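Chemist: Pasting in a structure now, in structure tokens, and then I'll have a few things to ask.
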């Protein structure tokens, strides 16, 4: 039974102020997403203050990403079982405390450990955002909720580096880079208090219990996969990275076998089997992997071109992406209207094609790498690519989650987010091979502007193909019965 027409509409209970609940969880989502890239701008100040090396900075960035990806599925499932408000509050409290630990870190080692812990807490928190939107909003209001989430994702991606640059420059009370993390503390505490009043205590009545063995197995699998993908490239793909990647095969087999045994005994697997019976969700997980593998690569390697090739600061590079953010924000906020008029699949398909078009257009200004008007030439393709993301996110969530029951909302949210993170890390690693092929000695930081431009142009060609592949997957999504 895989057609959407055969799946019942998930039951939604009326809540007193669902709009306030969604607004609050979106604030938390912004904090989590902004902290993915916020260190990039603060890195020089961290190096100077703590005496951190380049390898330390890479681990400060990667530690958050690995921790974040590791607990997304588990966090989502815990929300289904223990209640979304409870896990949201726990994740938010831990995120606030670990942000404080990051801001007070006396050494690179302590900061790395605190960033891993911060990522783990974000993995608990973030799935509750999507699950709350899915469970407290009626089907008629969900497109607006997904559109708001899309706008937050767009803004957080760009705002992280810009906010960090402003805080480091202002050096409030001599806090320098520490303010980048400490700013989360008052926001987190206020949000934590408000959550007890505004976020409904939704949970699944038939969610079962979480198997500790399942959590350990899945966490080991994700760490073995994400660690080499996030830091292997910067260390020249050492032997340990390949061993870790190879270990994911037996780890995946052991995890799948364990899930099968749990189901056979009538116990609850960490990943509910019902999710995989939904064809749209299966395609959605793959779609998230494919689409974000290109999108994350676009962000990273364009930033490298600006910083290493043109000598811009991380803050300047972040400001250069404002056109992208504006395009994404505009289409995200209009996606509800467009979806109602043309259907979610059509809008998401247009978004994937638009992302491909924007990447293709970017090849033109990249060829003008030394042109003094480059900053003007990059605005149109950035805007177009941003419009593509805004058109994809909200309609895609609506299509993929349309048949997911509320009892599985957390697990579904965690799995989609995990696929997004794995896809992004894989894309950066794989598309990076194409970029590095044009760079002498494979070192981006030592490459000339011409070599970086050539490498990025090759990478853009791959990204265009990947975006078009995601468009093909969107076209294969089953059409909801009500559209």
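Going from the start of the chain as shown, residues are counted 1 onward.
Using the three backbone atoms N, Cα and C, a Cβ is placed for every residue, glycine included.
Caution: TrEMBL annotation is automatic and unverified by curators.
As listed in TrEMBL for this protein:
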DOMAIN    21-482  domain 'Major facilitator superfamily (MFS) profile'
TRANSMEM  55-74  transmembrane segment
TRANSMEM  86-106  transmembrane segment
TRANSMEM  112-133  transmembrane segment
TRANSMEM  145-170  transmembrane segment
TRANSMEM  176-195  transmembrane segment
TRANSMEM  207-227  transmembrane segment
TRANSMEM  239-259  transmembrane segment
TRANSMEM  280-302  transmembrane segment
TRANSMEM  314-334  transmembrane segment
TRANSMEM  346-368  transmembrane segment
TRANSMEM  374-401  transmembrane segment
TRANSMEM  452-475  transmembrane segment
Chemist: Quick one: do the transmembrane segment (176-195) and the transmembrane segment (55-74) have at least 3 Cβ pairs under 8 Å, skipping pairs fewer than 6 apart in sequence?
Modeler: no
Chemist: Among 239-259, 280-302, 346-368, 374-401, 452-475, which stretch has the most Cβ pairs under 8 Å to the transmembrane segment (207-227)?
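Modeler: When the Cβ pairs under 8 Å are tallied, 239-259 comes out ahead.
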Chemist: Who are the long-range neighbours of the transmembrane segment (346-368) in its own chain, taking Cβ under 8 Å and residues 6 or more past its ends?
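Modeler: Sequence-distant neighbours of the transmembrane segment (346-368): 291, 294-295, 298, 302, 305, 331, 335, 338-339, 374, 377-378, 380-393, 395-396, 399, 453, 456-457, 460-461, 463-464, 467-468, 470-471, 474-475, 477.
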Chemist: Looking at the stretches 280-302, 374-401, 452-475, which one shares the most CB pairs under 8 Å with the transmembrane segment (314-334)?
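Modeler: Highest pair count goes to 374-401.
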Chemist: What same-chain residues lie close to the transmembrane segment (374-401): Cβ under 8 Å, and 6 or more beyond its ends?
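Modeler: That would be 130, 134, 142-143, 146-147, 149-151, 153-154, 280-281, 283-284, 287, 291, 295, 298, 310, 320-321, 323-336, 338-339, 344-345, 347-348, 350-359, 361-362, 364-365, 368, 409, 412, 416, 467, 470, 474, 477, 480.
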Chemist: Let me spell it out: take the transmembrane segment (280-302), skip the flanking residues so only those 6+ beyond its ends count, and list any with a Cβ under 8 Å from a Cβ in it.
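Modeler: Residues 4, 157, 321, 352, 355, 359, 362, 385, 389, 392, 396, 399-404, 412, 415-416, 419-428, 430-432, 435, 455-456, 459-460, 462-463, 466-467, 469-470, 473-474, 476-478.
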